[in-house]
C-alpha cells in the first residue's frame with residue numbers, strides 16, 4: 001500500500017478498456033517483432049523502416065504501460081495525459097504506414113524461394129500489424145476529448161491530434177525531398193523547403209510545450225490564442241508553398257508536367273516532386289481544419305488532472 005492507503009499499482013491501468021488496449025499493443029508488437037526476426041524477414045529501406053517503426057512503438061508502449069501501472073509518471077515534469085495521447089496518435093500513424101508498406105513490398109500470392117512458411121509468416125505479420133493499429137487507434141479514441149467536456153488536455157482535442165498528423169505528414173515530405181527531389185535548382189523551391197521546415201518546427205514546439213506543461217511560457221498572450229496565431233501563420237505559408245512548388249516543378253518552363261520515360265523506378269526526381277506536391281496539399285488541408293477546430297476548444301495543460309489521478 002502507498003502513503004495514501006491505496007494499492008501500489010494503478011489498477012485503472014490494469015483493469016480498464018484503456019489498459020486492455022495497451023496490453024493488446026504490447027502483445028501485437030511483440031508478435032510482429034518475433035515473427036519478423038524469426039522467419040518473415042525484411043530487407044531494403046522499406047523493411048528497415050517497418051522494423052524500426054514496430055520496435056519504436058513497442059518500446060514506447062512498454063515505457064508508457066510501466067510508468068502508468070507503477071504511477072512513476074507523477075515523478076516526471078510532464079503532462080502525462082497529453083504525452084500518452086500524443087504517443088498513441090503517433091504510433092497509430094507509424095503502424096498504419098508499416099501495415100501498408102510491409103505487405104506491399106514483401107507479401108506475394110505465390111510462395112517465395114524460401115518456401116510457403118515465409119509467405120505465411122509475412123501474412124501473419126501484416127494481420128498483427130493491422131490489429132496493433134486498431135489497438136493504438138482505440139487508445140486515441142478512449143483518450144480523445146468528448147463534446148461537452150469543459151477541461152481537457154490540448155493533445156486530446158481534435159486540434160491537438162491534428163498537430164501529430166501534421167508533423168507526420170511533414171516527415172513524409174522531408175523524406176521525399178531527400179530522395180533526389182532537386183529542390184535546390186530554384187530559389188522558389190528552396191523557399192518551399194524553408195516553409196516546410198519552419199512549420200514543422202512550429203508544430204513541434206506547440207506539442208513539446210503542451211507535453212512539458214510549459215504553456216505559460218508565452219507571456220504576451222494565452223496559450224490557446226498562441227496556438228491559433230501559429231496555425232494561421234502555417235496556413236498562409238503552406239498555401240504559398242502548395243502553389244509555388246507545383247509551378248516550379250511541373251510547369252514546362254521549369255520542369256516536366258509528365259513523368260520522363262527514361263526515369264528509373266524508385267529513383268526518379270519527378271516521383272519525389274509529386275509526393276511533395278500531394279502531401280503539401282494534404283498538410284494545407286490539415287492546417288485549415290486545425291484552424292477551424294482551434295477556434296472552438298478550451299483546454300488545460302497543467303498537472304492538475306495528472307495529479308488528481310495519483
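The backbone N, Cα and C atoms fix where each Cβ goes, glycine too.
Copied over from TrEMBL, here are the features:
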DOMAIN    13-148  domain 'MARVEL'
TRANSMEM  20-40  transmembrane segment
TRANSMEM  46-67  transmembrane segment
TRANSMEM  79-101  transmembrane segment
TRANSMEM  121-142  transmembrane segment
TRANSMEM  154-176  transmembrane segment
DOMAIN    154-299  domain 'MARVEL'
TRANSMEM  188-213  transmembrane segment
TRANSMEM  225-248  transmembrane segment
TRANSMEM  274-293  transmembrane segment
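Annotation: stretch 121-142 has the most Cβ pairs under 8 Å to the transmembrane segment (46-67), among 121-142, 188-213, 225-248, 274-293. Here the domain 'MARVEL' (13-148) has a mean pLDDT of 90 out of 100. 188-213 is the stretch from 121-142, 188-213, 274-293 with the greatest number of Cβ pairs below 8 Å to the transmembrane segment (225-248). Within its own chain, the transmembrane segment (274-293) has Cβ neighbours under 8 Å at 157-159, 162-163, 165-166, 169-170, 172-173, 176-177, 181, 183, 192, 196, 199, 228, 231-232, 234-235, 238-239, 241-242, 245-246, 249-250, counting only residues six or more beyond its boundaries. For the transmembrane segment (20-40), the list of distant contacts is 13, 50-51, 54-55, 57-58, 61-62, 64-65, 68, 91, 106, 117-118, 121-122, 124-125, 128-129, 131-132, 135-136, 138-139, 142: same-chain residues at least six beyond its ends, Cβ to Cβ under 8 Å. Outside the transmembrane segment (121-142), and at least 6 residues removed from its termini, the chain residues within Cβ reach (under 8 Å) are 17-18, 21-22, 24-25, 28-29, 31-32, 35-36, 38-41, 54, 57, 84-85, 88-89, 91-92, 95-96, 98-99, 102-103, 106-107, 161. Broken down with DSSP, the domain 'MARVEL' (13-148) shows 112 helix, 0 strand, 24 coil.
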